[in-house]
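Feature annotation from Swiss-Prot assigns compositional bias 'Polar residues' to 1-19. The annotation compositional bias 'Basic and acidic residues' is assigned in Swiss-Prot to 21-41, 465-479, 513-533, 588-606. As annotated by Swiss-Prot, compositional bias 'Acidic residues' applies to 480-491. Summarising the annotation, Swiss-Prot assigns compositional bias 'Basic residues' to 534-555. What Swiss-Prot lists as region 'Disordered' is 1-44, 193-212, 465-620. Residues annotated as zinc finger in Swiss-Prot: 113-130.
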Amino acid sequence: MASYKQNLPPSALIKQQVNVADKKSKAEVQRDRQLEEDRKAGTAPAMVDVQTGRDINPHIPMFISQNPWYVPSEGPTLKHQRPHEEREKKMTQIHEWYQKGTTGKSATKFRKGACENCGAMGHQKRDCFDRPRKSNAKETNDNIAEDDYVQPNLTLGFDAKRDRWNGYDPSTHKQVIEDYEHLEEARKVVREHEMKEGEVEPATTEDGAPKDEDMYAEDADMAGVSVDMDSRTRITVRNLRIREDTAKYLYNLAENSPYYDPKSRSMRENPFAGVAGKELEAARFSGDNFVRYSGEVTAANEAQVFAWQATRGGVYAHSIAEPTKLEALKKEYEKEKSTLKNETQKELLDKYGGGEHMERPADELLLAQTESYIEYNRKGKVIKGKEKVAISSRFKEDIYPQNHTSVFGSFWREGRWGYKCCHQFVKNSYCTGKQGIEAETSAAKGTTTSNEEIFKVPKLVEKTEVKEEKEKEDSIKDEVAEENSDNDNDEEKEKVSEKSISPSPPSDDEEKEKEREKERLIEKERRERDQRRRDKKREKRERKKAKLGKRKRRHRDSDDESDPSSGSGSESDSDEEMRKAMKKAKREKAEGMKAAREGDRGRKYNTDYSNTAPNEKEMEAYRVTSVHSADPMAAYMNSKFEKKHTK
């Protein structure tokens, strides 16, 4: 601000008859500008506040330093920028506080405006805390209470409201000091009395001179020194570092010594590692690395790992940004984990038992003597004594379905389980007894037996046809036997000729040739047997077609007849029962394959069969639908049946 210009209202300008058209000349404006620059540079003196007498900063802009027209002033001033005294809130001084323990004087006569009940000034009858009197003080003028003391209305600031020492009188601490001094004097008197009676020996130094108990009294007020006043002999406790103490970074002055971090004042590695003759120092200080694994470090690391696992599982939790949330989640997780573990353990114990073994008996019972005698051999088996009771299964026992005499799983061969009584590998299949075992063993050895030796001939096949088939088989066997005999005669002739030519023993090539010849014969028999089986099946299909055609014709012919008990009706009923039995056999076979695929854990029930014995139709249907393991097409037929019923 270069110069002061009085800012007057229009009314004052009119009274003073100031001409508004008068303006400063160019030279005056230039002079004021130069003066302003000099004041800012410090070469010219600054303007002085007419009210406070202090210099006005020349760098203050004019719109701030110039007082408005409604604030009159005699010269340059900054009073308009400072807070107004009449608007300032007067705060309570530090020595002002509520008076405590005040008692007013009681009057002898009732005064106007006092409480009608107790007679004290300061409150009315409806606000009186005294017990309502039967005869109040206004009527009796007796036993008038003391007047109420009106506490001052203190205006406290932010810090004054939160000052814990507000209203404290330091002079009250003198009473505490005096109490301690009286206790100390009483202690000295009691100690002198005990020393005179000989109950306590006087304290002495190492040289035998009497020890001065007040030798550290002057140092008791020093920082870091505390005197134990309660013990019989005073002990000075110094928590400051002594001068002979060596800093961490001075233990090892080698160039490759462990690094000392001055910011955290830590040396993680051991400075005496590999230094001979420093075993005692290494025992006192071996580095600060142990701090990294002490305290809450392990818990913090576990929380961090839990946060990673929770985030991977879809629950976002940050160990640094949300520590409270992470701790709550971890507590809830540990609680649910322990609850689930206990529930699972309880379910297993309820299902299988053995809860009495989970609790450890007392040591007196474990180490006590018993009367039960048990003797073991070198292999750990019980020779004498009570053996362990076999654990009973939760499955039903002694139930053999489908005419079996053993359970499924009692026989094992080539990676498959089966029945021991008949060597069958299909579960819920009908038992074939010893014939099934013979067929299975012959198939395993390479020799085969016909189906007629294993299964009985169905009733639908006529006896004459069976006889014809047997005669054909016998004729084929005779032909094969003749061929074999011819081959044997030829071989004998060759052997005789070879013997006559060379009496040397047969070579390995001849033995291999004999084995190949046997294999060719076995293969030939197998092919012939397969051909006979195919011919039988073809004939069987033709007979079925012929019977179906006859049955249809009989149905057409019997529509006009009224007799329901004819022979065709009985045959149709038997055929219907046969079809139902065939469907049932196929359904049971499909269910058995499904159960075998699902396994013991997958299926719902362990027993899904009926205990009733099968009738003749069901047995016949089982024989018709069953595929023997010796059949070369057995694998193909089983796979085809499985594909058909798994769609």
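Each position is counted from 1, following the chain as shown.
Each Cβ is built from the backbone N, Cα and C atoms, and glycine gets one as well.
It should be emphasised that the depicted structure is a prediction, and the values quoted were computed from it without experimental measurement.
A Cβ distance under 8 Å defines the sequence-distant neighbours of the zinc finger (113-130), meaning residues of its chain 6+ beyond its ends; these are 104, 106-107, 136-138, 141, 143-150. Residues belonging to the zinc finger (113-130) score a mean pLDDT of 93 in the model. Applying DSSP to the compositional bias 'Basic and acidic residues' (513-533) sorts its residues as follows: 21 helix, 0 strand, 0 coil.
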